[in-house]
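Notes follow once the structure below has been shown.
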Amino acid sequence: MIILGIETSCDETSASVLHNGVVLSNIVSSQHCHTSFGGVVPELASREHERLITAITETAINEANIQKDALDVIAATAGPGLIGAIMVGLCFAQGMACALNIPFVPINHIEAHIFSPFINSGANSPLPKEGYISLTVSGGHTLLALVKPDLSYTIVGKTLDDAAGEAFDKTGKMIGLPYPAGPVIDKLAENGNPNFYHFPRALTSRSKSRKSWEGNLDFSFSGMKTSVLTWLQQQSPESVASNLPDIAASIQAAIVDVLVEKSIAAAKHYNVSTIAIAGGVSANRGLRSSMQAACQQHGITLCLPETIYSTDNAAMIASIAALKLSHGMEPLYRYNVAPYASFLHKDNFS
């Protein structure tokens, strides 16, 4: 089966061709027009998707060395995300499916991330038999899901306020880093001291009140952001500039420690021996290193996506479409956009 995947949920325009679970092409164009605004501007994102989507799709098909009429299914992100951005990809994909008279599969963007560590394993290849804990962490989402052997899943932890990726970007902006600040913090932290300053780790064993975190798998990063801002207001600009790697390392440690501790706690609580990390922040080298060390300490297997599949991409859209179809999902010929978070059901795979 040959599947074309389309992804336009935020600020990446992407198209990918998948053949029997193997990625033949994965073209991603990241938008840089938002940098001066310090964040993604929805209207600009939509216009960029509209400008690029045809060329990106044609490039993906050409790189896969196939003709359009060889496609069996087209899949596209239907939510959650920016409504205008999603509409561009969704309408394009449905229009193309209609023109080719082939089925269409609407995809939950977060589900695609959850299963992205297993891209290229093939639609019929076995995933962890006992299920696994998925940590999906990005600029807009931070959640823990218990993925069961039948591929259904339950959300067992989520952010109560800000996503981890947002915490990276906003604290990075506070210390003068360009948007997106997450990758810059990661690079600076390589040469910094994570113990330079201890920023709070909310709802963890390092919290002041043990009762506030025991058994709690939710996340909170707003307090950490406020702590960074308050601390910076007490420092001179010269001091911040001269200690930038140490500050970046301290910020990263505060975020990573929470992500690692919650993931390990979830795996123990639900008695599974595999953790998979997904989403844009899964490309963070500090997170990968710390999670690997923690998993080795607790006898847990860690599954990581290839870095090219960490951020938003269409290969994960096509890949989960293949999984859904192989598990009995009936494809559609029409679907409406669903930008809201409730599109992510607690138990939803089919």
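Indices start at 1 and increase along the chain as displayed.
For all residues, glycine too, the Cβ spot is worked out from N, Cα and C.
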Same substrate site per Swiss-Prot - residue from Asn26, Asn62, Asn271, Asn284 joining Thr136, Val137, Ser138, Gly139, Gly140, Asp169, Gly182, Asp186: Asn284
Binding residues Thr136, Val137, Ser138, Gly139, Gly140, Asp169, Gly182, Asp186, Asn284 (substrate) - maximum C-alpha distance in whole Å: 18
Sequence-distant neighbours of Thr136 (substrate binding site) in its chain (C-beta under 8 A, six or more apart): Ile110, His113, Ile114, Thr142, Leu143, Leu144, Ala145, Ile277, Ala278, Gly279
Inter-residue Cα distance where the pair is Asp312 (Fe cation binding site) and Gly182 (substrate binding site), in Å: 15
Assigned conformation of Thr136 (substrate binding site) - DSSP reduced to three states: strand
Same chain, 6+ residues apart, C-beta under 8 Å of the C-beta of Ser138 (substrate binding site), given in sequence order: His113, Ala163, Ala164, Gly165, Gly279, Gly280, Val281
Binding-site residues compared (Gly140, Gly182) - the one with the fewest other Cβ atoms within 10 Å: Gly140
Asp312 (Fe cation binding site) and Asn284 (substrate binding site), Cα-Cα, nearest whole angstrom: 14
